[in-house]
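Undergrad: Sharing the record's features from Swiss-Prot:
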- 1-89: topological domain 'Extracellular' (TOPO_DOM)
- 90-110: transmembrane segment (TRANSMEM)
- 111-152: topological domain 'Cytoplasmic' (TOPO_DOM)
- 153-173: transmembrane segment (TRANSMEM)
- 174-199: topological domain 'Extracellular' (TOPO_DOM)
- 200-220: transmembrane segment (TRANSMEM)
- 221-353: topological domain 'Cytoplasmic' (TOPO_DOM)
- 261-301: region 'Disordered' (REGION)
- 261-271: compositional bias 'Basic and acidic residues' (COMPBIAS)
- S313: phosphoserine (MOD_RES)
- 354-372: transmembrane segment (TRANSMEM)
- 373-413: topological domain 'Extracellular' (TOPO_DOM)
- 414-434: transmembrane segment (TRANSMEM)
- 435-442: topological domain 'Cytoplasmic' (TOPO_DOM)
- 443-463: transmembrane segment (TRANSMEM)
- 464-542: topological domain 'Extracellular' (TOPO_DOM)
- 543-563: transmembrane segment (TRANSMEM)
- 564-611: topological domain 'Cytoplasmic' (TOPO_DOM)
- S603: phosphoserine (MOD_RES)
Amino acid sequence: MARQKLTFKEQMDGFPWVQLVVVSLVRFSEPIAFSSLFPYVYFMVRDFNIAPNDAQVSKYSGYLSSSFALCQVISAYHWGRFSEKHGRKITLTCGLIGTSVSLLILGFSRNFYQALVARSLMGLLNGNVGVIRTIIGEIATERKHQALAFSTMPLLFQFGAVVGPMIGGFLVFRDGTMNEVPLWFPHFAKRIIRSYPYALPNVVVCMFLMFGLTNATLFLEETHPAFKDRRDYGLEVGDFIKKNIFGIQPKRRPWQKRIQDDSENIHHRNENVNSIRGQDSEEDENSPLVNTTNDDDTESIQSIDPILTRRQSVGLIRTYSLHEPTDAVHANIDTAPDGCKESSIFHHVFHTKVFYPISVNFIMALHLIVYNEFLPVFLAYDLAVDPENPKKLASKFPWKISGGIGYEPEQTGTLLSTTGIFGCFVVIFIFPIVDRNFDCLTIFRTLVKLYPIMYVMVPYVVFLQNERIPSWYTVVYLYIITGIKTFCGALTSPQIMLLIHNSSPLSCRSVINGATISISASARFIGPLVWGYIMSWSQQNDVAWVSWWSLSLFCMVALYQSYKIAPIDDNENELHGQGSEDAYNSQSQSSDLRMAHRSSLSSLSNQRCTT
């Protein structure tokens, strides 16, 4: 089906800005927490005196990063299951609290093992990335809004990746450095900072997290179809604040409507009870009843005060209940051709159309984490020169490449932070234009082709380190490489999330998102381990291009897999989503009515007792 081109005004019509802003405040705080560690982790591990020498510090720093990713593999799927059973909002708040606790433990750690526990807890106690993806999909229900809504994820990560390193870099006050504690700090704060030099950045990041937690508690609406009508005391407090402080009239909540409707119907229900009681007085109360009640109805009847007769109780339940027998449903459990239950997550992930988007996402996560981790390492290697002629490079074009270009951390940090700002520009200004004119599969397939080219280019920056070549050539060359990566990442990340979202059944969408996060985390755990070995081997054998070219080949697998992803039919997707939503709403309404009539029965019994 041809993609209908929309104007910006048409695409923004009805866009759920308010709820998306609340979710964005939560999402923005999390990459700050994740990236604030990078500037000082080397010095923190070194100060723990766990490494036998400075050369081994990076290995122990890698353990901290790997423990986080490994624990995400373990926990993300279970957080998705938790959100399906208890709702998205409670899962989000638990994740924010868990991250805050783990950051405080990290900041006040006295040894390496405490820091390792803190990083592990950060991975275990937070599955918010997958839950936030689900929330965004349930907030942006119209196809024209989804791509722009999902694009907020990489945008906020880019912003957080700029702010986080600034906090971690400027708020660490270590002895023997130029970064000293400001004179205006209170005396007790100075004592704490001197004892725990890495605590302050973590405390500041916790403030960001608490701000996001407060906003989520007060203003975020539950998006799970089965729980969105459940009473939310946090929202009620938020509505009170909006009305009495900001003068904004909040909308009526579903549970407020239900309570009012119940109170209006009490009078009619009293009349029905009296009518049933009058009819029943003419019959023998010991006579057998027609055996048409199911177990749930029987349980409801038995829970009613004996002041109401059994026949009166049956009349009320039949009048107000939408409950239907479900024995047939439980007896008929479909089994897929793969031998798994059709409702199982294994079936949905590995034997349905969502498999290909998830597999592509795994490859993307792996090669991007390898790039992010090892590009600074490669640039930091000393420039290898010919022992016989120091003015010449030891590398020989095109196959013999050794060493790096001797970049300092400040140079690498400037390079990465600048391209991060460029990524924000891409998401804000370029992404909406691209999304309005092309479908997500076309965008994704086109941009994925650029990754292999970029990785092939990386090792050849060594040959620009020549006296006859101006130094700005190297800067431009590196900005081209990092710019391509940032441009492609900013535009492909929301597309693959959208493809996974729209390929997932609504009934287990949050669980699939949780499984996706676990699979991506496993990629971030495996990638650095494997390519760390490859990079070490290639440097020792003067073939540094092998590590980057192998990464390029791995990207081509993602390109191949992308052609197996089924295109999204916008009309079919919207109809399917609406139908599934209606099914959830129908179940929720049925449950609400059953609870309402049971509450009414209890009230009627109490009224009869008092009379």
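Just so it is clear, glycine is given a Cβ too, placed from its N, Cα and C backbone atoms.
Structural setting of the listed features?
TA: Sorting the topological domain 'Extracellular' (1-89) by DSSP state (H, G, I as helix; E, B as strand; all else coil) yields 66 helix, 0 strand, 23 coil.
Within its own chain, the topological domain 'Cytoplasmic' (111-152) has Cβ neighbours under 8 Å at 6, 10-11, 14-16, 19-20, 23-24, 26-27, 30, 33, 44-45, 48, 50, 60, 63-65, 67-72, 74-76, 78-80, 82-83, 88, 91-92, 94-99, 101-103, 105, 223-225, 427, 431-432, 435, 440, 490, 494-495, 497-498, 500-502, 509-510, 513-514, 516-517, 521, 568, 570, 573-574, 577-578, 581, counting only residues six or more beyond its boundaries.
Same-chain residues lying 6+ beyond the ends of the transmembrane segment (153-173) with a Cβ under 8 Å from its Cβ atoms: 24, 27-40, 43, 132-133, 136, 179-181, 193-194, 197-198, 200-201, 204-205, 413, 417, 420-421, 423-424, 427-428, 489-490, 493-494, 497.
Remote same-chain residues near the transmembrane segment (200-220) are listed as 18-19, 22-23, 25-26, 28-30, 32-33, 36, 40, 89, 92-93, 96-97, 99-100, 103-104, 106-107, 164, 167-168, 171-173, 193, 234-235, 237-238, 241 (criterion: CB distance under 8 Å, separation of at least six residues from the stretch ends).
Listed by sequence, the residues of this chain that lie at least six past the ends of the transmembrane segment (354-372) yet keep a Cβ under 8 A from its Cβ atoms are 348, 451, 455, 485, 489, 492-493, 496, 499-500, 503-504, 512, 515-516, 519-524, 526-528, 531, 551, 554-555, 557-558, 561-562, 564-566.
Summarising model confidence by region, the topological domain 'Extracellular' (373-413) averages a pLDDT of 77.
Beyond the transmembrane segment (414-434), the same-chain residues lying 6 or more positions past its ends with a Cβ under 8 Å from any Cβ of the stretch are 8, 11, 148, 151-152, 154-155, 158-159, 161-162, 165, 376, 443, 478-479, 482-483, 485-487, 489-491, 494.
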Undergrad: Would you mind splitting the topological domain 'Cytoplasmic' (435-442) into helix, strand and coil residue counts from DSSP?
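TA: The breakdown for the topological domain 'Cytoplasmic' (435-442) reads 6 helix, 0 strand, 2 coil.
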Undergrad: DSSP helix, strand and coil counts for the topological domain 'Cytoplasmic' (111-152)?
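TA: Here the numbers are 34 helix, 0 strand, 8 coil.
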Undergrad: Near the transmembrane segment (443-463), which same-chain residues lie under 8 Å Cβ to Cβ, leaving out any that are not at least 6 residues past its ends?
TA: 367, 371, 375, 378-379, 383-384, 393, 395, 397-398, 401, 403-405, 434-435, 474, 477-478, 480-481, 484-485, 487-488, 491-492, 495-496, 499, 544-545, 547-549, 551-553, 555-556, 558-559, 562-563
Undergrad: Give residue numbers and ranges for long-range contacts of the topological domain 'Extracellular' (373-413): same chain, 6 or more residues beyond its ends, CB-CB under 8 A.
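TA: Distant Cβ neighbours of the topological domain 'Extracellular' (373-413) are 39, 65, 165, 169, 458-467, 474, 478, 482, 527-528, 531-532, 535, 539, 542-545, 547.
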